[in-house]
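Quick notes on the structure that follows.
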Amino acid sequence: MHISEAEWRIEKEWLEKVLKEARRQLDENRALKERIKQDGIETQREMWQDIGSVAKDNGLDQLVDFMQLINTMKIQKSSHEFTKKLEEKYEKILLSPYFGRMDFVEDGEENAEKCYIGISNLITEDYEFLVYDWRAPISSMYYEREIGDASYECPEGTIHGKLTLKRHYKIYNGKIEYMFDSSLKIDDEILQDILGRSTDSKMKTIVTTIQREQNRVIRNEEYKNLIVQGPAGSGKTSVALHRVAYLLYKHRDTIKPENIVIFSPNDIFNDYISNVLPELGEENMFQTTFKEYMHTSLGNAVTKESYSEMMEYILDSKNKKTYQRRINNIKFKSSVEFINILKRYVSYLEKEYSRFTDIIIKDKIIIPSKDIEELFYKDYAQLPLKRRLQKIKNRILYLIEPYEKELVEEVSKEMNDSDSSMNQAENMKHSAAVVRNKMKDVYDAIHQMTEFDLIEIYKNLFEKLELFSEGLINHSTEINLEEIKKYTLENLQAGVLYYEDQSPLLYLKGVLGDLPETSNIKYVIIDEAQDYTPLQYEIFYQLFKSANMTILGDLNQSINPYMNVGDYENIAHIFPKEDTCRIDLTKSYRSTMEIARFTSRLLNKEATHEWIERSGDKPIIIGYSDEEEINKRLVEDIEKYKEKGYKSIGIITRTVKEAKEVYNFLKDKTNVHAILKDDDEYISGTVVIPSYLAKGLEFDVALIYNAGDEHYNCEEERLLLYTACTRALHVLCIYYSGELTPLLREAVDMETVFLS
Ligand SMILES: Nc1ncnc2c1ncn2[C@@H]1O[C@H](COP(=O)(O)OP(=O)(O)OP(=O)(O)O)[C@@H](O)[C@H]1O
């Protein structure tokens, strides 16, 4: 809708007013910051003076003065931090104070209130809201409502009224670049503008163009758990991070960044998303990966296979003799049946734990085994195994203490009688050592009874696997229990801990009560949720029972064919219906229409989602006789796309091995980096990266390296290829040698440029 000159003038005047107020507050804040700094220097000076006069005789008084000074310094430090943060906020406001406006006439009022919406609130001393934070209750209408009747929820209840105007702005460096009105949703024009740009940086905020369905996820607090399913590029990660910002704003008195944890697929991704919250004026929540948590919790006693090592094995060892054995093992350990086996085993351990022996000192039974059993099965029965054993140990130590003391006295007396040259202290020390030695068998017995070795416990499960799997495994399936048992025991014996064995171990550690408390965590965000197994969800639940969970994933992007959630139904028992809301995002924003249509055909099933109407080049598929030809073409294409102005180019290979080869070829010919490990940092520009590490990331140009039938040669890898192709924003180019993988045949049509 056209905006008149008069209206432009009014808008410019308003912007001036807002900027003037922001400048005033910034100056005021700077002055305050300076004052706090000076006060801090003064406190430090006072402290040094006092230290100069430290004297023994001043006693407690001087200590009290010191403590007071230290407290004052602490307060000054945090006030200084606070003013620094405010300064950053005002500086941001001065560049772009708001991006939207809506005029709202509340029922019963005559005039509309002009509500300007920006990254943060700007409120005058007279309590006039010049700008509303995008997370304020009233701002929800900006994302949710159209012109006409509208309402929003706030602590006082539901406020009804009418929206009479919705306006969008682009303000850059304190100047309005453009503005326009739209009566409906946030206009596709702005989205087109934002999405059409080239990107060379980490993930950005989407606050100016959050869509209605996304807003519903961001602000949803009705349910304890949210499961969000959305296609590639539908904004799941963006939504997750904006939700964190929303929660930090809404519950700022009770929720701090350290009360929220996000589980990301790897450290590259963690790095990639790390700018979003700071751009929104918030500190980052605790970012981790399941692998990191698992590896820290399991300790360093055994060598653990990493996730990438397992992926490389799955993708690159098909010709090995042991391949099928290993795959069966992975499948079995990721199955729902195996969870039930583990559960049976845990209840067996709790009921049948029979290691208790009498505690005997000097041929006398001090604590009979039946008393210890009673502690275990009755007194401490409600506690998890590890805690029970710890309590029993403490109890035994307490009960044997008098006997030990008596023994020490006896020995001490004997020594006194035989050697009078020793002084009392030496005598006691020596006697204690003698008794400790005499009691070695007792301590060994206590240790035997009360310590458990997790690996031994896990081995024990496989030694008696038939016992716990009875009736749970459908024997007509391909699972050969005897084979699994043999394979697992062989590997554990050899000190090999495969990735698929680590989650079961962690699960056992957790249920047996040997994991630290995480009760300070109030919200858990699980991104790329499709790639966790049902057992890993059991572990999440164990760890964060009382926390609110937001689980975001895309079942079509399960990069590991054997280790994934399968279906959200598989975790329905963990997240019961009454506590859980499932939301489906239906629109994809990342790729051009041509790429989105191509990738949805690659899925080989009817597309259930839409994509943004943004047009670009057709996807290109180019065939060569061998990889050397592909490499040469890659060099040319990288230069070509760089010249066209694309800033991020991802050369996506199937495996790390392939990525290394391609990188070695390219590195002397063009400016290129490689991301090869899951704990690498995110690098922008031109990068070579294996498919499974590229998940979650995006590139202006995605160049898929060798989709020949010898590479992507089985149906199980369809979703991996899909995930790789969906990384493209503007250009998708697929190279292959020999024959094209059959997985792509359905995807090729008139809209694809096919060169062979
Ligand atoms: N409302 C929006 N406005 C502007 N850009 C958006 C919006 N929603 C998503 N995007 C953009 O779409 C791209 C994909 O977003 P994001 O990575 O969050 O999606 P995703 O669903 O997590 O993707 P994937 O599952 O493929 O990893 C990003 O560039 C993001 O900025």
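Each residue, glycine too, has its Cβ placed from N, Cα and C.
Pulled from TrEMBL, these are the features on record:
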COILED    5-39  coiled coil
DOMAIN    209-592  domain 'UvrD-like helicase ATP-binding'
BINDING   G230, P231, A232, G233, S234, G235, K236, T237  ATP binding site
Spatial neighbours of T237 (ATP binding site) that are distant in sequence (at least 6 apart) but have CB under 8 A: M203, I273, D527, L552, G696
Integer average pLDDT (0 to 100) for the domain 'UvrD-like helicase ATP-binding' (209-592): 92
Any further residue of that chain within 8 Å (Cβ to the Cβ centroid of G230, P231, A232, G233, S234, G235, K236, T237) of the recorded ATP site: D554, L585, S588, Y589, R590
CB within-chain contacts under 8 A for S234 (ATP binding site), separation at least 6: D554, L585, T586, K587, S588, Y589, H609
Conformational class of S234 (ATP binding site) under the three-state DSSP mapping: coil
Entries of P231, A232, T237 (binding-site residues) sitting next to ligand 1, with Cβ under 6 Å as the cut-off: A232, T237
Residues that sit under 8 angstroms from G235 (ATP binding site) by C-beta distance, when 6+ apart in the chain: I206, Q211, Q214, L585, Y589
P231 (ATP binding site): tally of other CB atoms within 10 A of its CB: 27
CB within-chain contacts under 8 A for G230 (ATP binding site), separation at least 6: K236, L552, D554, D584, L585, T586, S588, H609
Number of other Cβ atoms within 10 Å of the Cβ of G233 (ATP binding site) across all protein chains: 27
